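Asker: Have a look at the structure that comes next, please.
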Amino acid sequence: MVKRQISMVLDLNKCIGCQTCTSACKLQWTNRNGREYMYWNNVETHPGPGYPRNYEHSGGGFDEEGALKIGITPSAEDYGIPWEYNYEEALMTGTDPWLRPNVKPTWGANWNEDEGRGEYPNSYYFYLPRICNHCANPGCLAACARNAIYKRQEDGIVLVDQERCRGYRYCITACPYKKVYFNEQISKAEKCIFCYPRIEKGLPTACAKQCVGRIRFIGYLDDEAGPVHLLVERYKVAIPLHPEWGTKPSVFYVPPLAPPRIGDDGEPTEETRVPLAYLKELFGEAVVPALETLKTERAKKQSGAESELMDTLIGYRHPEMFKLS
């Protein structure tokens with residue numbers, strides 16, 4: 001058992017898919033030395049295959065009895081082979097008239113960006129940012145034969161001991177979210193570290209600090225004065241992704257309140273544009289009361305009444321969104 005668990009809440013109603021969080025993480029951690037294909041933070045368009053491709057059907061996690069399930073390791077093509085461009089030939093020497101990738105791209109972290117489902121006027125999609133969930137019951141930790149993966153006692157952040165890791169990749173197959181990666185240059189597993197050097201200095205993660213939509217809240221689950229406890233424990237509007245996988249994520253999502261469907265008469269209906277059945281696939285049955293609470297509190301705010309929940313979700317100031325002490 002860890003002493004405390006640091007957690008993150010992401011409000012999907014505010015994410016604009018700008019990829020600023022992805023850029024912040026990529027520039028900070030994964031732009032070199034065998035990490036080029038890795039996106040510790042990525043923003044997916046849903047419904048869609050995600051990153052790596054079809055990770056939701058790649059196995060891992062735990063069954064209903066708590067037994068570890070071993071999945072598959074995604075291929076390089078499922079992640080998207082990183083490429084560069086022929087800048088020298090196209091821009092400097094003029095030996096090639098076209099600027100082109102040096103490999104033929106077939107997939108990438110945001111390959112299906114802004115694609116959705118449905119037909120006009122009821123087509124729909126939403127953005128879903130993902131990092132390592134720093135789970136309370138990590139499949140990667142349970143699978144590691146070298147005891148190289150551990151949770152920090154002071155904050156529950158899940159890390160890989162690079163001295164102990166031998167690159168067996170069991171952690172990748174056991175993580176149902178496929179948020180552990182293999183660095184072929186050093187033959188070791190690597191993953192999101194929740195920017196722990198920043199956390200230790202009282203600073204939020206790079207992805208959270210750079211988020212222009214202010215969708216991310218960081219704090220400790222047991223801090224009753226913090227936004228994470230309020231959203232997860234008190235109002236229960238922040239819920240984990242795929243709770244049925246049994247890893248008990250420490251990253252939570254406020255589900256999207258989609259616009260209403262438009263009926264055949266051109267008028268809005270009571271049905272939401274994003275099907276509730278699809279949201280249940282992602283977040284389980286807890287999404288139903290979460291959405292109802294959001295609707296109720298939003299209506300209160302619209303009527304001019306006070307709403308602690310809505311004021312918190314607006315995120316006026318960073319100090320109110322990040323409680324790291």
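Using the three backbone atoms N, Cα and C, a Cβ is placed for every residue, glycine included.
Sharing the feature lines straight out of Swiss-Prot:
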- CYS15, CYS18, CYS21, CYS211: [4Fe-4S] cluster 1 binding site (BINDING)
- CYS25, CYS192, CYS195, CYS207: [4Fe-4S] cluster 2 binding site (BINDING)
- CYS132, CYS135, CYS140, CYS175: [4Fe-4S] cluster 3 binding site (BINDING)
- CYS144, CYS165, CYS171: [3Fe-4S] cluster binding site (BINDING)
- 6-35: domain '4Fe-4S ferredoxin-type 1' (DOMAIN)
- 123-154: domain '4Fe-4S ferredoxin-type 2' (DOMAIN)
- 156-185: domain '4Fe-4S ferredoxin-type 3' (DOMAIN)
Asker: How many Å lie between the Cα of CYS175 ([4Fe-4S] cluster 3 binding site) and the Cα of CYS211 ([4Fe-4S] cluster 1 binding site)?
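Answerer: Between the alpha carbons of CYS175 ([4Fe-4S] cluster 3 binding site) and CYS211 ([4Fe-4S] cluster 1 binding site) there are 26 Å.
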Asker: Can you name the residues of this chain that are 6 or more positions from CYS207 ([4Fe-4S] cluster 2 binding site) yet have a C-beta less than 8 Å from its C-beta?
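Answerer: Within the chain, CYS207 ([4Fe-4S] cluster 2 binding site) has Cβ neighbours under 8 Å at CYS21, THR22, ALA24, CYS25, ASN41, PRO129, ILE131, CYS195, ARG216.
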Asker: Mind telling me which of the binding-site residues CYS135, CYS165, CYS175, CYS211 has the densest Cβ neighbourhood, counting other Cβ atoms within 10 Å?
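Answerer: Neighbour-count leader: CYS175.
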Asker: Highest CB neighbour count within 10 A among the binding-site residues CYS21, CYS144, CYS171?
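Answerer: Within the set of binding-site residues, the most crowded position is CYS171.
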Asker: Including all protein chains displayed, how many Cβ atoms other than that of CYS25 ([4Fe-4S] cluster 2 binding site) lie within 10 Å of its Cβ?
Answerer: 23
Asker: Near the domain '4Fe-4S ferredoxin-type 1' (6-35), which residues from the same chain, at least 6 beyond its ends, have a CB less than 8 A from one of its CBs?
Answerer: 41-43, 45, 109-110, 113-114, 126-129, 131, 134, 155-157, 181, 183-186, 190, 192-195, 199, 205-221, 227-228, 231-232, 238, 250-257, 294, 313, 315, 324
Asker: Whole-number Å only: compute the distance from the Cα of CYS211 ([4Fe-4S] cluster 1 binding site) to the Cα of CYS140 ([4Fe-4S] cluster 3 binding site).
Answerer: 28
Asker: Using DSSP, what is the helix/strand/coil residue split across the domain '4Fe-4S ferredoxin-type 3' (156-185)?
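Answerer: Across the domain '4Fe-4S ferredoxin-type 3' (156-185), the residues distribute as 5 helix, 7 strand, 18 coil.
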Asker: Given the model, what does the mean pLDDT over the domain '4Fe-4S ferredoxin-type 1' (6-35) come out as?
Answerer: 97
Asker: Return only the integer: C-alpha distance in Å from CYS165 ([3Fe-4S] cluster binding site) to CYS132 ([4Fe-4S] cluster 3 binding site).
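Answerer: Cα to Cα, CYS165 ([3Fe-4S] cluster binding site) and CYS132 ([4Fe-4S] cluster 3 binding site) are separated by 18 Å.
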Asker: Quick one: which of these binding-site residues, CYS15, CYS18, CYS171, CYS192, have their CA within 10 A of CYS140 ([4Fe-4S] cluster 3 binding site)?
Answerer: CYS171
Asker: Spatially speaking, which of the binding-site residues CYS135, CYS144, CYS171, CYS192 is closest to CYS15 ([4Fe-4S] cluster 1 binding site)? Use C-alpha to C-alpha, please.
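Answerer: Going through CYS135, CYS144, CYS171, CYS192 one by one, the closest to CYS15 ([4Fe-4S] cluster 1 binding site) is CYS192.
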Asker: Distance between CYS132 ([4Fe-4S] cluster 3 binding site) and CYS192 ([4Fe-4S] cluster 2 binding site) at the Cα atoms, whole Å?
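Answerer: If we compare the Cα positions of CYS132 ([4Fe-4S] cluster 3 binding site) and CYS192 ([4Fe-4S] cluster 2 binding site), the gap is 6 Å.
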Asker: For each of the binding-site residues (CYS18, CYS132), count the other CB atoms lying within 10 A of its CB, then report the residue with the highest count.
Answerer: CYS132
Asker: Pop the Cα-Cα gap between CYS135 ([4Fe-4S] cluster 3 binding site) and CYS192 ([4Fe-4S] cluster 2 binding site) into the table, whole Å please.
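Answerer: Each residue's Cα considered, CYS192 ([4Fe-4S] cluster 2 binding site) and CYS135 ([4Fe-4S] cluster 3 binding site) end up 12 Å apart.
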